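**Student:** Got these off TrEMBL a minute ago, pasting:
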- 1-35: region 'Disordered' (REGION)
- 1-10: compositional bias 'Acidic residues' (COMPBIAS)
- 35-93: domain 'HTH tetR-type' (DOMAIN)
- 56-75: DNA-binding region (DNA_BIND)
Amino acid sequence: MLDGSDDMEDPVAGTKAADGKDQAGGSRGRRADAQRNVSAILEAAQELLSTDPTASMQEVARAAGVGRVTLYSHFGSRTELLDAVFTRVMAEADRALADVDLTGDEPQALARLVRSSWRIVQQSRLLLFAAQLELPQGQIREHHDRALERVESLIRRGRRNRTFRTDLPTSWLVTVFYSVIHGAADEINAGRLTVERAPNLITATLLSAFAPPVPAT
């Protein structure tokens with residue numbers, strides 16, 4: 001007689017396999033829930049802090065539709081949340097700036113880059129203010145590194161073609177670009193500059209700052 005034991009299902013093994021599948025499915029479900037919560041929190045925080053830079057963690061939790069416990073399980077402090085939101089905003093900015101036409105005449109390309117960069121800063125002006133209250137200035141600058149790589153590349157090209165000045169370091173001109181645009185945002189927040197005037201002032205200031213110096217006669 002043939003032994004059919006090899007063909008019989010082990011009830012214990014079957015239960016373990018089923019339990020393993022249930023646990024794996026449950027783990028995936030929890031991860032998906034966590035990812036949805038994080039996305040909802042970041043989206044709500046970005047929208048809220050862009051209009052109210054003093055918004056509290058409780059207000060962010062309410063806007064995201066999650067509890068405080070859930071919020072703090074993902075972001076242990078307001079500073080940590082702000083850093084994550086700023087990372088998200090700068091990733092969006094980098095994608096937007098990738099579409100800017102930087103070909104051709106360098107001063108004209110700079111003007112296009114200035115206006116596109118300013119639109120992004122203006123939209124996130126109050127969020128930037130919130131970050132300045134919580135994050136070190138060096139950390140905020142680091143968040144701009146990828147966006148500033150485009151500025152540096154354009155400046156280097158202009159220096160090679162002698163359309164931009166070569167008597168000052170490239171790194172300093174990048175800092176001037178960053179400082180003028182962020183300075184304009186600060187001036188608007190302080191009520192000393194209007195949103196309408198800012199783009200032309202920024203463009204004129206940077207074009208003048210980057211232009212080769214006129215030889216003394």
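Backbone N, Cα and C atoms are what each Cβ position is placed from, and that goes for glycine too.
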**Student:** Going along the chain, which residues at least six beyond the ends of the DNA-binding region (56-75) come within the CB cut-off of under 8 Å?
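**Tutor:** Residues packing against the DNA-binding region (56-75) from afar: 34, 37-38, 40-41, 43-45, 47-49, 81, 84.
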**Student:** Can you count helix, strand and coil residues in the DNA-binding region (56-75) using DSSP?
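**Tutor:** So the counts come to 15 helix, 0 strand, 5 coil.
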